[in-house]
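Record features (TrEMBL):
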BINDING   24, 53  Mg(2+) binding site
BINDING   173, 174, 175, 176, 177, 178, 179, 204, 205, 226, 227  sn-glycerol 1-phosphate binding site
Ligand code: 1GP
């Protein structure tokens, strides 16, 4: 069953925009979550993504369990590695890093993940993950040993996204990287969106309400924000329901 994915599709067809708050187990202690989650629940956030580049398995599961005590929003894994896959979440972005040519992140890790997923009830959502240059090196680049696509190569970015769709991915994620200096350029978001028949996720470096609106207006269906909330959770007050 594709409950979460189908809900994303139906929200989009109703003209709604979606917001995922990214919670990184490496930076978030379960015991300090309560106030953060209260603010999150009063905001326009629609999803919670959990994941990070360098996290061990147990801390992800413990954090997911704790998050679910505080919210009814869907919790979606956005894993940096197989060790972060836990059945306590609702869904998994099964990410294939299609902007790079590192076989580990295109297929090898996915094969290793199957033993964890075969009998799991986690909803698995195939996602084409595209790293875009942002002005500085991000941890995704370091961990995956791949280069982001340069922002001058607009056609290559569009074609990469479209190739992801044609390969059967159900989501395309344009990623500038956590804490990016610059988020994905609005023109690129708009051109990619025009090519796609599947939902478009955009994340990395989005820090203000104005930027959030600009990225939505350019065509993002779902925006992911982590750092801005980590640094100052009063940002939730600006985006109350
Ligand atoms: C990172 O796209 C997400 O994978 C969110 O990025 O932390 O910069 O908001 P930020």
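Placed from the backbone N, Cα and C atoms, the Cβ positions cover glycine too.
When every Cα pair among 173, 174, 175, 176, 177, 178, 179, 204, 205, 226, 227 is compared, the largest distance found for this sn-glycerol 1-phosphate site is 17 Å. Here the binding-site residues are 177, 179, 205; the one with the fewest Cβ atoms within 10 Å of its Cβ is 179. Long-range Cβ proximity for residue 227 (sn-glycerol 1-phosphate binding site), meaning a same-chain Cβ under 8 A and a gap of 6 or more residues, is found for 178, 179, 205, 207. Mapped onto three states, the DSSP output places residue 179 (sn-glycerol 1-phosphate binding site) in coil. Ligand 1 lies within reach of 179, 227 from the binding-site residues 53, 179, 227, judged by a C-beta closer than 6 angstroms to any of its atoms.
Mapped onto three states, the DSSP output places residue 173 (sn-glycerol 1-phosphate binding site) in strand.
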